[in-house]
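Per TrEMBL, the features are as follows:
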REGION    1-26  region 'Disordered'
COMPBIAS  8-26  compositional bias 'Basic and acidic residues'
REGION    94-200  region 'Disordered'
COMPBIAS  118-146  compositional bias 'Acidic residues'
COMPBIAS  155-171  compositional bias 'Basic and acidic residues'
COMPBIAS  191-200  compositional bias 'Basic and acidic residues'
DOMAIN    219-359  domain 'FAM50A/XAP5 C-terminal'
Amino acid sequence: MSFAHNKGRAEALTKQREREKEDFERQKQLLAKETELKVAAITNKFAARVDAVEDKLKSETVGLVTLDDFTARRARLELERAKQVAAAKLAAEEMEKSQNAVAPPKAKVVTGALSFNMDDEEEEGDGGAASEDGEDSEDSSSDEGDSNQATDEGAPIKRAAEETAEDAAKDRSKKLKLMKNPEVDTSFLPDRQREEAERQEREQLRAEWFDQQERIKNEEIDIVYSFWDGSGHRRVAKVKKGYSIAKFLDTVLDNLRKEFHELRTVSSDGLMYIKEDLIIPQHSTFYDFIVTKARGKSGPLFDFDVHDDIRMTHDASVEKQESHAGKVLLRSWYERNKHIFPANRWEPYDAEKTWDKYTIK
């Protein structure tokens, strides 16, 4: 009993699965047909000419063909196709023109003339004169007299109308001017002309400022320095204010290599420049120190004139206008002697650090 019941249930489930499978296949076919129709509609819009050219090209190029021959044939077929499309378009335009020519003309709508429209009055005057001529064509002598009288009477009317129009335009301009209060400050309102003038003025001032700074950078100054190898050897180098410390050290090397043999194999990277007990970085320029009025531990960094050692004549703890001669030395010497005086006083330059305890008197 149970076996027969299970067998019937299995057959029912099998039939149900077959029906579901048939429904699924039917829906799948419907979706595929709809997709094919949509794709065909799109491709027909955009690829009709290409398909025609490609089919013709495939029929003409059979076997191995060179690239030049293939390109020439393709160009020829595309040109022929373009000519056919242009001819069809031209025929369609001619047909449309012929249909428009056969169509009856639209009735012209005549609008009523305004009382102050002078052009319409002139046209009406011309039409009235023509009608008067037609009505008085029976009597030639009376026709000439009426036309001359109409012309003489129309001139002052025309002049009066023109004067009235000019007066009305003046009144309108006066009303527009009276709408603005000249005493109100309108500088905060956007004004394109004023903004453009301000922009041009800013650009001009900016260009002038850059030109002025370039002239300052090209000015030459005398840098007093001392080559330090344990004792000082004072020299003078003429450089421009825009020179960097590295370029200044190159100039110093050119001047000192003849006197000091240890400098013959050294580059500017092997030298250091010490100014007012500060180690000056080689990327800095003299122009930077002059413009910012930079200060060191024992004097100004922007003064490069010749002065005696102020430690011999003044209190070293108080900064004066006088400055020390900068020291040029080998980096290897500094590494060997940085634990003893005066190298133990030197420290790297920091633009953000200030020396408040030194004051200019």
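Every residue gets a Cβ built from N, Cα and C, even glycine.
Taking the domain 'FAM50A/XAP5 C-terminal' (219-359) as a whole, pLDDT averages 80 in the prediction. Beyond its flanks by at least six residues, the region 'Disordered' (1-26) meets no residue of its own chain at a Cβ-Cβ distance under 8 Å. Mapped onto DSSP classes, the compositional bias 'Basic and acidic residues' (191-200) shows 9 helix, 0 strand, 1 coil.
When the compositional bias 'Basic and acidic residues' (8-26) is classified with DSSP, helix, strand and coil residues number 19 helix, 0 strand, 0 coil. DSSP places the residues of the domain 'FAM50A/XAP5 C-terminal' (219-359) in helix, strand and coil in these numbers: 38 helix, 37 strand, 66 coil.
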